[in-house]
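*Asks:* Feature table excerpt (TrEMBL):
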DOMAIN    13-413  domain 'Amine oxidase'
BINDING   14, 33, 34, 209  FAD binding site
């Protein structure tokens with residue numbers, strides 16, 4: 001007889017939320033994690049308390065804000081919004097129309113929520129599952145100079161090029177999100193969330209699961225180090241490419257689920273935390289519409305600067321860092337850093353991380369069916385969670401990853417009754 005009831009693969013917030021709910025139902029659970037830490041794509045820098053992964057808690061009604069045992073969320077201070085043009089920062093309003101307003105227009109145009117096989121419609125002259133690139137081209141026809149900055153805005157917010165990004169998927173996911181407004185931080189860093197979820201759980205770190213074999217009512221997880229966990233069910237929370245690329249082998253995956261795993265690839269992401277000898281004179285977020293830096297954030301009174309680049313900008317920032325060119329680019333975004341040598345830097349290369357594969361999944365053109373297919377349980381024994389299962393229920397953020405873990409746990413508990 002198996003010692004465990006459930007093995008959970010992955011100690012990101014989705015896996016930890018699933019494990020916490022399962023343990024709360026009286027089940028014996030073990031969480032197996034490839035990294036030497038919990039949290040997945042939530043990664044707080046211990047020295048500064050700033051974020052190398054997920055950056056903020058979105059919304060004043062976010063369920064993270066009412067999770068027992070967590071400190072109260074703190075509203076982020078107001079940041080000046082700038083755009084890097086001609087090598088210098090300018091007010092974001094210098095872009096006409098401002099890219100955030102275009103995204104709001106797209107979201108407002110979603111008139112229906114499609115099923116896995118339907119297309120839905122956008123009232124702003126677009127119907128069906130069309131690329132954001134097509135929608136943007138039509139919306140900026142009267143001001144073609146606005147097209148590329150708007151396209152880069154979508155790249156940085158969705159970690160995907162507008163040619164691959166579904167306009168319908170973006171609109172419906174945004175409208176489905178009910179977390180309210182504003183951006184917030186957790187005192188002590190975002191990492192306090194996985195720490196809270198992991199409290200009291202049995203978690204094995206630094207040992208990736210290489211093989212998961214199953215038959216109805218029985219699973220066996222074997223790690224790279226040879227650790228064996230037998231249980232009656234499993235929750236798989238790893239990003240789908242971990243399975244698609246063979247780092248985690250699972251027997252008898254249906255063809256449709258294999259196809260979903262190949263479709264649901266996270267967009268590229270690269271983050272740097274650069275510490276200067278003197279604090280920033282103002283709180284500012286600078287958007288680079290030319291696709292080199294993504295978003296650059298400095299906070300008044302703090303010496304650290306955060307660079308978060310996604311999609312194609314991640315590759316350019318990665319290369320600029322390697323070639324010692326990134327600091328020159330930062331000097332354009334933040335003039336007070338010009339000629340100043342940083343004291344230190346910390347890099348998180350999510351695109352090169354084999355257990356992440358990038359930032360997060362995005363609603364892809366022609367792939368709106370994939371999240372539901374990946375989330376589908378198998379034989380009342382294997383259950384799937386993670387932000388990749390979110391689909392059109394909301395944007396791929398931490399609270400949605402948690403919701404996916406809790407959903408999988410609920411399915412599993414029901415199957416065991």
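Positions of Cβ are set from backbone N, Cα and C atoms, glycine also.
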*Asks:* If you average the pLDDT over the domain 'Amine oxidase' (13-413), what number do you get?
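*Replies:* PLDDT averaged over the stretch: 95.
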*Asks:* For the recorded FAD site formed by 14, 33, 34, 209, name the remaining residues of the chain with Cβ within 8 Å of the site's Cβ center, in chain order.
*Replies:* 8, 9, 10, 11, 12, 15, 31, 32, 35, 40, 208, 237, 238, 355
*Asks:* In sequence order, what residues of the same chain, 6+ apart, have a Cβ less than 8 Å from the Cβ of residue 34 (FAD binding site)?
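*Replies:* Result: 10, 206, 207, 208, 209, 355.
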*Asks:* Run through the Cβ atoms and count how many others sit within 10 Å of the one on residue 33 (FAD binding site).
*Replies:* 28
*Asks:* Are there any residues at least 6 positions away along the chain from residue 14 (FAD binding site) with a Cβ closer than 8 Å to its Cβ? List them or say none.
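*Replies:* Residues satisfying the criterion: 40, 237, 385, 386, 387, 401, 402, 404, 405, 408.
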*Asks:* Using DSSP reduced to three states, classify residue 14 (FAD binding site) as helix, strand or coil.
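*Replies:* Once the DSSP labels are grouped into three classes, residue 14 (FAD binding site) ends up as helix.
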